[in-house]
Structures are given as structure tokens and as C-alpha cells.
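Features reported for this protein in Swiss-Prot:
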TRANSIT   1-52  transit peptide
COMPBIAS  1-15  compositional bias 'Pro residues'
REGION    1-34  region 'Disordered'
COMPBIAS  22-34  compositional bias 'Pro residues'
TOPO_DOM  53-58  topological domain 'Mitochondrial matrix'
TRANSMEM  59-75  transmembrane segment
REGION    233-291  region 'Disordered'
COMPBIAS  235-244  compositional bias 'Pro residues'
COMPBIAS  254-269  compositional bias 'Basic and acidic residues'
COMPBIAS  279-289  compositional bias 'Polar residues'
Amino acid sequence: MADPVPPASTAPPAAPAATTATPPPPPPPPPPKALRPQNQALRMLGLPNLPNKLPSRNWMIFWTVSASITAAIIYDRREKRRNIAKWRHAVEHLAAEPITDKLGLEQPRKLTIYLSAPPGDGLRVAQDHYTEYVKPVLAASGLDWEFVQGRREGDVRAVVAERLRKVRRGWENKEEQDPNREPTKDELIEIYRQQRGIKDYEGVRGDVVIGRHTWKEYLRGLHEGWLGPLVAPAEPAPLPPTPAPAAAEGSTSTEDKPAEEKKEEEAPKPKRPPQPKPYNTTSDYSSETLHPLTPQELTPAVPIREPHILGFLNTPTRMVRFFNRRSLADDIGREVAAVCLATHREFQQQTNPDAPSTDSVQYEQAKELEWEEQDWPKKVWKEDEADADKEVTEKIHIKPVVMDPRLAHRMRRFALTPEDEDRVSKIKVPEEEVEGWIKGSLRKACHWGYDKAFNKKKLVPLEDKDVE
């Protein structure tokens, strides 16, 4: 008989023996990559190493605005140089024309440049404006010119009037010839020319007037010189000085001696010559007579733009003009080219039936560059006798232009003809004349490399006779 199956054991299984082994440690991290050396200049500016992504929003705005302003300035300056070069090429053929007088006994054509300090500023501003826009075209034409510069209001008026009075005195032969008087520099030059038989230029000369303020003085000087008297009017007798009390003089005589001695020791500073007073006024034009020898056509003239505005609140206007100097260069170049080519026309006039009889005729001379008066400082329009400049004998800038019909019809204005306009429009300025320093340097470097690589000069062996 088989043995019975033993019953299953009900006792719990024995627990496994505890292990004393520990798990292995994790592998060490890889060594960090070596950082790129940082530019110290960028680090001081707060710029780390440039990442491989677009800059932030603020940086994008900054670079966009900076690039736009830089591009606008570069484009405007390049086009300004292009416009000036175009008008230079339009008149440069005049410099190549041969002189008709082979003996040199005829004076060349000479222009007169009138410029003065703009209201509220100095003369240097007008000189810089002339050098930047007017001089390049004049220099390319090969013409000669002279300057009339005014530092004070009325200086140009006085020079223009005195020159015309000198011409009238020569017609009437009423200029006093004092044998004991020393001749001036201009008179010595004129005497030398007469002795050598040098003739004056008989063609069209020309006057270039820069700025509305100078144009007003120029017109005032024309009327004073052609219509005014040849002798200065008598000045009113000055009032006798009132004597000071004797007691006050005795009490301060001992105290003022040291001050008087100091004043005598100091060298007196040279003073400017006084400005000549005008010989007539605008109300005298109608009652004055015009000399019968006055030419039917006066010397042609042209006013040149000189936009000049001051003040912090006018910054937007100044910024617009700063980015649009190319149009200013084109307008001034056109006017100066007309002067060089000696093409002129009559000044126009309009009739206004609604205006009073005295102002029914509007002359073009009075409207030239009238918009520039809006840019003048407010203090120019304040005519205060207490603060007025004692050296200025007449206020011309703030007064309206008064024209006499006899002179208005004789005046001529320089202007280009349609034929000249068509000829100038076909002028193409090469890029090499207007490009900047960076682009020009790159172009020269490329040309130099191309010549070195492909345009090698062939060396020709010398013969013995060439060496000897």
C-alpha cells in the first residue's frame, strides 16, 4: 500500500538572506565645452556673444531706425553731389572757349556776388552756403567774380548805391578832382588800364544776390543810386550839450583822476567805419527824376535761395530740409547756370484790379523769395528804438519792397532757355563722381586687382641702342 501524500506545509516560507552589496554609482557628467573668448568691447556694451537667432524686439527697432536714417542721409548727399555735378558739366564748356582778344587788352566777364549775414545770425552762415552750392558751378565755368559782403543790415545797400552814384558822376563830370587828394586803389587800377589801353567788358555781366534779406538791400540800393541825389543831404544841427553843475565837478575831480589815467593808458580799439546814411527814402521815388543816360536794360540779376531757420521748436522743419538738400542744390545750380550762360528775360508783373491804385501792379521783384521771411526770428520784426542797432542807418528787412516803375521795367532776370533745359536733361553723371569714400575705395581695389590679374603689361626687350 502506497504511502499517503504528506499534507502541505502551512508554515510561511523562510525570508531570503539579506544582501550586503550596493548598486554602482552613476557615470560622471561630460566635461563642459570651452567657452568662446568674449570680445571685451562687446562685453562693456552689454552685448554677449552673438547668438544664432534674431535680436530682440527692441534691438530690431533700434537697428531699423538707425539704418533708415543712415540710408536717407547717404542717398541725399549722393544725389546732391549728382545735381551739382550735372550743372557743372552744363557750364564747363565756357572755360574751354578761347579768348577773342589775343593781346589781352580786353577785360574778361566778371560777376558780382552779393551776400550778407542772415537775420539773427552771422556772415559765416552765408559764406558756407555760397561755398557749398554756388561756388562749384561758378568755378567750373571759368568766369571771374568779386564779392560784396555785408555784416550789418544796410551794408549791401550802401555799396550798390555808391557804385551807381559813381557812374552818374562820371556822366555829369561833376566829380571834384582835387590834385592834392591821393587816389584810391580802384582809381589807380582804372588809370593804369587807361594808360595801357585795356577796355572794359562790353557784354552782359551779372549780379548774384544770395538770400531774401540781401535781395531787399540790393533793390533799395538800385533805387537810391539811380534816383537819389549825388550829394548827401544836410544833416540837422546837433543839440548843444547841457553843462554839468560846477559843484559836482569839483567834488568828483579828485576821484576821477585814477580812472582817467587808466583810460589814457589803454590803447583805443579800432572802430568800424560808420555806415553811410541813405540819400533818399522810398516815398521820394515818384518825385525824383531819372538820368537821361540811364540804360534801357540794367545789369541782369538773380536771387538765390538761402533757407535759414533757427529755434528749437522749428526742429521738424530743419530735419525735413536736412534730408532734402538735393532739391536745393538742383534749384541753385539751375539759377547759377543761367548766370554763367548769360541768358535772361524781363521781370514779370501782374495787375490786381481789387487793390488800391497805388498797389494795383504787383512786381515780380517784390515777390522773389518772399517765403524766406517766415523763417526769420521774431526779434527781427520788433522795431524797438531803445534796443535798435545804432550802427544801422535804415531798417530794410522789415519793410515791404517798394518798386519804381521806371526801374522795374529796366531790370532783367537770369533764366535758362528751353534749349538749355533740354541739353542739361541729357547730361549723365558717371557714378565715380558721386560715390562716397567706401564705395570708391572698393571700386578702386577691384579695378586694381583686375588689372593685376588680367591686364598684365607685356615687357618688350630693349635693344642695345635704346640702352645707350
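Including glycine, each Cβ sits where the backbone N, Cα and C put it.
Residues of the same chain that sit 6 or more residues outside the topological domain 'Mitochondrial matrix' (53-58) yet have a Cβ under 8 Å from a Cβ within it are not found. The topological domain 'Mitochondrial matrix' (53-58) scores a mean pLDDT of 86 in the predicted structure.
Secondary structure by DSSP for the compositional bias 'Pro residues' (22-34): 0 helix, 0 strand, 13 coil.
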